[in-house]
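So that you can see what the record holds, here are the features copied from TrEMBL:
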type     : residues  : note
DOMAIN   : B:79-364  : domain 'ABC transmembrane type-1'
TRANSMEM : B:13-33   : transmembrane segment
TRANSMEM : B:45-63   : transmembrane segment
TRANSMEM : B:75-103  : transmembrane segment
TRANSMEM : B:115-137 : transmembrane segment
TRANSMEM : B:170-188 : transmembrane segment
TRANSMEM : B:200-220 : transmembrane segment
TRANSMEM : B:240-261 : transmembrane segment
TRANSMEM : B:268-290 : transmembrane segment
TRANSMEM : B:310-333 : transmembrane segment
TRANSMEM : B:345-367 : transmembrane segment
Amino acid sequence: MTATTEIQAPALNDSLLDSVRRDYFSSVGRTILTLVCLALILSALWFLVNWGLVNAVWFGTPEDCHKAAGACWAVITDRYRLIFFGLYPYEEQWRSALACLAILATVILSCVPFFWSAKRLPVLWALGYGLFYFLMKGGVFGMPVVLETQWGGLALTVFVFSSTVVIGMPLAIVLALLRRSRLPVVSTVTALFIDGIRSLPLLSILFTAAIILPLTLPGFLVGDKLYRVIIGAAVFFAVYQAEIIRSGIQSLPAGQEEAATALGLNYWQTISRIVLPQAFRFALPPTINQVVIAFMETALIVILGFFEITASGNAAFSTGGWKPFHTEVYSFVALIYFVFTYSLSMYGSYLERSMKLGLR
Amino acid sequence: MTFSFGNRKQRDILLQAVFLAVILTMLLIAVMTTRRNLEIQGLSVGWSFLNYATGSSIVFSLIDYDLDSSFARALLVGFINTLFLGTISVSLAVLLGTVIGTARLSSHKLVKSIAGVYVQIFRNIPLILQAFFWYAIFVNFPSPRQAIAVQGGFFISNRGIFFPMFNIEAWYLLAAIALFIIGSVISVTVARRTGRGSSLVGILISLALACIIGYAGRLADTPLFDMPQPKGLRFLGGGTMTPELGSAIVAIALFGASYVAEIVRAGFLSIPAGLIEAAHALGLGNWHIFWRIRLPLMIRRILPTMTNQIIWLMKATTIGIAIGFPDYFGVVANSINHSGQTISLIFLLIIGFWAINMTISFTMNAINRALALPGHKK
């Protein structure tokens, strides 16, 4: 017989002090960990508040900033129009701002379940995207024409992003359906195409679209460099999205498609009324993730010489004596990306949680 | 035999033939147009250009390269650079990501929230912006004259970070390191599998062999181990990490770690609670449960996802071009500018990345098979 020790039942109502002691100071190791974490958090906060708020310069010239110890937000307040709108004509920049808001509203409305139908969502995007394009380009309602070469900053980022999604999403559905085709030649060729593109870096696709396509396309198809790059980004988005949709379709029970066939629905009815609506439900969280990635990857076009928000940020501090204040500009641009991507990915994980509840 | 559209078999064949014909026509038009456009520019598609001298310099190279070197040599330099940058930054990303992913599930709320903040910040900012940010930090270090000296012979300056280094030819050094790692892994595995002998003996033998290889590859007329010495605007001796390489490594490692952390976290969460409860019931301590139960199971569960992630991060090394690190893509792009041999070079680009992807997925699948637990089919 071995001696037994009696284990006490945990106290029913432990006080705040008890739970703090248990969570943070129950052993030597835990105490050290707590102290290290506290030191880390406090010093980071101390630095951020001092650098970013207390000692920061909000308005003024580079000279004012050199005197101060903190952040130089003056570069932002001085140059924010360049960062947001690039080289868009100064008097017309309100159009650029409105256009960005139109896309923002479209993205937010797309998150409302009311719009999740095969009819409403395309209409919503066509409206939002069309509004963006006409506001930016002008030529109607007395707005002067502004060519794509003058678009820049946040507006260009938003344009490339929304075009990528608008072109890429239908393409992804087509690719996913082709890859699932009953016909072996069709599915093999599509699979080769999808896996081939997936194995390449996005940058090389964009580079090919910008530099190589003019060589390989007949003259009338070449088009503007910006649109070729957008097509490249859309194809890259589509091959990833196609795999997401395909796995969504595969997670449907086979009985769904069989039942549809048994009821006498033809291929298009089965796909559009039975398969895709359910597949998108499964595919929604990874789709949102893919959209977030597509948004961040628009930043790559800076390498091809486009004046999107990363490039306009670079331009904002490279002249006029603002050179030392790159950290402030990059933080500001990063914040713009962060607000959008963080809220979208939070929404994605909220959806994932609520869908798990439904399936449990 | 007559054709009828109502006959499913015949209709399928017709549809596939049409599909194939459309694709082939498009390819044919592309090839013909390209040929005509190249003729207009006076270029012919071929491989002979690979032997011509590039006449351009490459700022970072692990092998001998100068202005007279051929395009083939330049491409090799770029390919090695991509492998070099990729191996270092992806390994760092996996290590850091595993630690942070584990921390995200810590019972200690402060540790958990610090890890959470890290993941959210680095995941939600574009990699290229992060690369710009770190590059700006690296090139704004003090000049070599006022370099920050760190204990142990390290110097931080805007020309790069200088550190003590063996004076050994790169290939010998790499071979020695690889031999040591492979030898140690084999001896640990053998000792585990057979249950006999100590793995320490094997590790010591591989260390000795590595030392012999390293000694054989030492550079003539220099001491074996060298500290960097400040001399004017340069440093003599030791090793250098250029700002381009340094900021690319930091950016990819920190960005990649946030993605790896999420995979690791999901891997831990997917372990059935019953296994952990069983371990508790058997009287294992928290430490043992982590090292013997949770970690091994997590690694097996995440391997397929991790393979895709590693391939993705390898492709992400192409952002090096934005901050001036000459990776494979950068060298290909540069060679296109200098030689005009667009088609051949793009073909080589595709082959290069395809080879890297294949190697990674082959290796990871081999690891996956070797680690798979008998009877644990997913």
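For all residues, glycine too, the Cβ spot is worked out from N, Cα and C.
Bear in mind that TrEMBL entries carry predicted annotations, made automatically and left uncurated.
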> Same-chain Cβ contacts of the transmembrane segment (B:200-220) under 8 Å, 6 or more residues past its ends?
Replying inline: 166-169, 171-173, 175-177, 179-180, 182-184, 186-188, 190-191
> What stretch of B:115-137, B:240-261, B:345-367 shows the most Cβ pairs under 8 Å to the transmembrane segment (B:310-333)?
Replying inline: B:240-261
> Any residues 6+ beyond the ends of the transmembrane segment (B:240-261) with a Cβ under 8 Å from its own?
Replying inline: 59-60, 85, 88-90, 92-94, 96-98, 100-101, 104, 115, 118-123, 127, 130-131, 133-135, 137-139, 141, 158-163, 228, 306, 309, 312-313, 316-317, 319-320, 323-325
> Apart from its near flanks, which chain residues at least 6 from the ends of the transmembrane segment (B:115-137) lie with a Cβ under 8 angstroms of it?
Replying inline: 100-101, 103-104, 106, 243-244, 246-248, 250-252, 254-255, 257-259, 261-262, 316, 319-320, 322-323
